[in-house]
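Working notes, structure below.
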Amino acid sequence: MTTYGILYIGLALILVLGSAFPLGAYMARLFEGKIRLLAPVETGIYRICGIDPARQMGWASYAIALLMLSVVHFGLLYAILRLQYYLPFNPQHIAGMAPMLAFNTAASFTTNTNWQAYAPESMISNGAQMFGLVVHMFISAAAGIAVAAALMRAFVSGGLKTLGNVYVDIVRITLYLLLPVALVAAVVLLIAGIPMTFDAFPTVHTLAGGTQTIGRGPLALQEAIKELGTNGGGFFNANSSHPFENPNALTNLFEIWLLLVIGFALPIAFGHMVGRKREGIALFAAMALILGLAMVGDYAAEAANNPILVHAGVMAKPGNMVGKEMRFGIAQSTTFNTAATGTSTGAVNSVTDSYTPLGGLIPMFLMQLDEVAPGGVGSGLYGMVLFALLAVFVAGLMVGRTPEYLGKKVQSREIKLAMLAVLIQTMFILAGAGFSLLTKSGLGSLDNAGPHGLTEMLYGWTSATENNGSAFAGLSANTPLLDYGLGLAMLFGRFAVLIPVLAIAGSLALKPKLPQSTGTFPTDGPLFVGLLIGVIIILGGLQFMPADTLGPLAEHYLMLAGKTF
Amino acid sequence: MLREIRPALSLVLLFTLILGVALPAAFTGLAQAVFPFQANGSLLERNGQIIGSALIGQNFAGPTWFTPRPSALSGTDAKGKTIATPYDASESGGSSSGPTNAGMFGNVKSRIAAYLKAYGPGPVPDDAVTTSGSGLDPDISLENALRQAPAIAIARKLPPATVTALVNRLAAHRLLGVIGTDHVNVLKLNLALSRMSAP
């Protein structure tokens, strides 16, 4: 470890955390319907789509409309992928996607996961990237934020029967948040060297006398929303380690900022919405503490290098460079990958599969904590509120009082739903990875032997279920078992959390808002932040300890002993 | 449930038209008009012929060129056999070998031996013998380039100080001491080298 690495992590966090405050204040105004700069455009959209913006939806209608939107969009993407050969913008003449891979990919982008079982350069056309994937990157991100906004409204006052209008929320979040920021970011990334062209791959005569065909396409815009919406679907197989997706250290820092900023602005917006800013800051602090520790830990693991490599004769410094890009080195690679797994961004700027065992464990553990540090756009905030409800419940049990959160009584219905959301993800991850490893097909997908193979499979199911999308890239995921299995895991990981969250929002909204009394457990101080982090680690993380011990931890000690497979 | 079909369907189609077709088309037009160099992939020309991209690494081998990092990319030949295709930029990716992968260590050991043979005894920079994340890494570390410089000077019959000075002139440094790394773009380095002397 060097001082500059720690300084870099500090710099990245300061840039993100500092800008989260003004952005959060702006987003609160947006959720309250006070931002109406483009009112005529909005009205036009509502008229064309037959949307009544004045309609208020209860939690069930909100959930049904969101599901319907997802079903329709899933179907459209599936069709686009199957038919891409016949659609425009296909200069490389790429064939239609096979049914199982198209199912997996459609599930992946509908759920904001962006798991990529395909190699983009040879398996997806420019057109399918643009009007298939990029549109999902906007809508799935907006949908996640909309659910978070609906949940926030449940805490604002008492006796509310409705949570807002999902269509209006999605349109406004897209128009006033995602689109403007993505456009500015796309211009910055374009100037920094990210291509934006519809032309085919050029073949050039290289300096040494060979030829080289250079993949390119309309990716500057995709890159911007890919990070901002915590999507992560790369235009290229190598994702943000590809020089065209991430040309230099400044774009790397900018991409880290983009993928974290909305996640950290959401708790601030929450504080503004409920009229108690400190409540938002408490959630924000828990997120920042977990992420900051993970970033430092991951950097330390990779900077320590692999003793077997050092023994073979390479310089110990700067650290483990396998799978990393020279322009990023160690700290800027680990910071990107931990930021991406702390959110639900499936982007990577280095190969996590080639990280040291502990360096790979930390990103996986961040996902296993149900991605709340700060989590995907929207999903991170509502995941964090679920943990906050569980934390006040645990505190209530200790002192024998009915727990309250922000003036709302937390009762058995809310706790049951919150536990359902947490447990369903754990079940998919552990049962899915365990089952896959019992099958011949699953074992055939592994690229590495020994405990690392177990980690590859566990990481894959964790990433899909938690809707992250990053991968231990050695896992060959385009098999019937994993295409369908992980596809289902992504759908359940998204909707089996999102629907309970909306149900909780509906039930909390109805309850009266109780005034604070001296007996109220304060949820805006360091005591609560500590309790919250404890609950996240115990409930989110502890269930994975046995699996994580057999995979990365076992491999760590074997690596120290010089064992290879 | 059925009342949501019309708004859902029309919203998805409308967004697809606006965000998926009109927006990328307009943005590409603008990008091509204002920043054509970047928009087309930062392509470099020499004598009116495109020789590569400033951002994408190329494969160089032999004693007269600076050697880039190993690339893990592979493809299939005409007979369907898997062959190494280093720096084939129509694809991208790393090796995905784990930290206890015996095959990876075998590769690294033979690369270390080759490196020491080519550039003489001394430290072996990590980046010189490990594959990158993209398989297209355009850069090598400054240490690595400076280690290679004397041998290249001999092969090209140039004074060693000239080649070392060239490396230092083209090197990029860590910004403000925090952002980035000390590295050199191999294509730009070799391009400058080829202007100094024919290989």
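Just so it is clear, glycine is given a Cβ too, placed from its N, Cα and C backbone atoms.
Counting only same-chain residues 6+ beyond the ends of the transmembrane segment (A:6-28), those with a CB under 8 A from a CB of the stretch are 35, 177, 253, 256-257, 260-262, 264-273, 280, 284, 288, 291-292, 295-296, 299, 331-332, 335, 339. If you look up TrEMBL, you'll see A:6-28 (among others) marked as transmembrane segment.
The feature transmembrane segment is assigned by TrEMBL to A:59-81 (among others).
The feature transmembrane segment is assigned by TrEMBL to A:130-152 (among others).
The annotation transmembrane segment is assigned in TrEMBL to A:173-194 (among others).
The transmembrane segment annotation in TrEMBL covers A:256-274 (among others). Remote same-chain residues near the transmembrane segment (A:256-274) are listed as 12, 15-17, 19-21, 23-25, 27-29, 31-32, 145, 148, 152-153, 155-156, 177, 181, 185, 224, 227-230, 232, 280-281, 283-284, 287-288, 291, 335-336, 339-340, 342-343, 345, 347, 374-378, 380-381, 384-385, 406 (criterion: CB distance under 8 Å, separation of at least six residues from the stretch ends).
Per TrEMBL, the feature transmembrane segment maps to A:281-301 (among others). Only residues 6 or more beyond the boundaries of the transmembrane segment (A:281-301), in the same chain, are considered here, and those with a CB under 8 A from a CB of the stretch are 1, 5-6, 9, 12-13, 17, 20, 260, 263-264, 267-268, 270-271, 330-331, 334-335, 337-339, 342, 355-356, 358-359, 362-363, 365-366, 369, 372-375, 380-381, 384-385, 388, 523-525, 528-529, 532-533, 536.
Summarising the annotation, TrEMBL assigns transmembrane segment to A:380-399 (among others).
Look at TrEMBL and you will find A:420-438 (among others) tagged as transmembrane segment.
What TrEMBL records for A:484-506 (among others) is transmembrane segment.
Annotation source TrEMBL lists transmembrane segment at A:527-545 (among others).
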If you count CB pairs under 8 A between the transmembrane segment (A:173-194) and each of A:59-81, A:130-152, A:484-506, A:527-545, the winner is A:130-152
Per the definition of 3+ C-beta pairs under 8 A with sequence separation of 6 or more, do the transmembrane segment (A:130-152) and the transmembrane segment (A:484-506) touch?
yes
Among A:59-81, A:420-438, A:527-545, point out the range having the most Cβ pairs under 8 angstroms from the transmembrane segment (A:484-506).
A:420-438
By Cβ distance under 8 Å, which residues at least 6 away from the ends of the transmembrane segment (A:527-545) in the same chain are close to it?
282-283, 285-286, 289-290, 365, 368-370, 372, 387-388, 390-391, 394-395, 422, 426, 429-430, 521
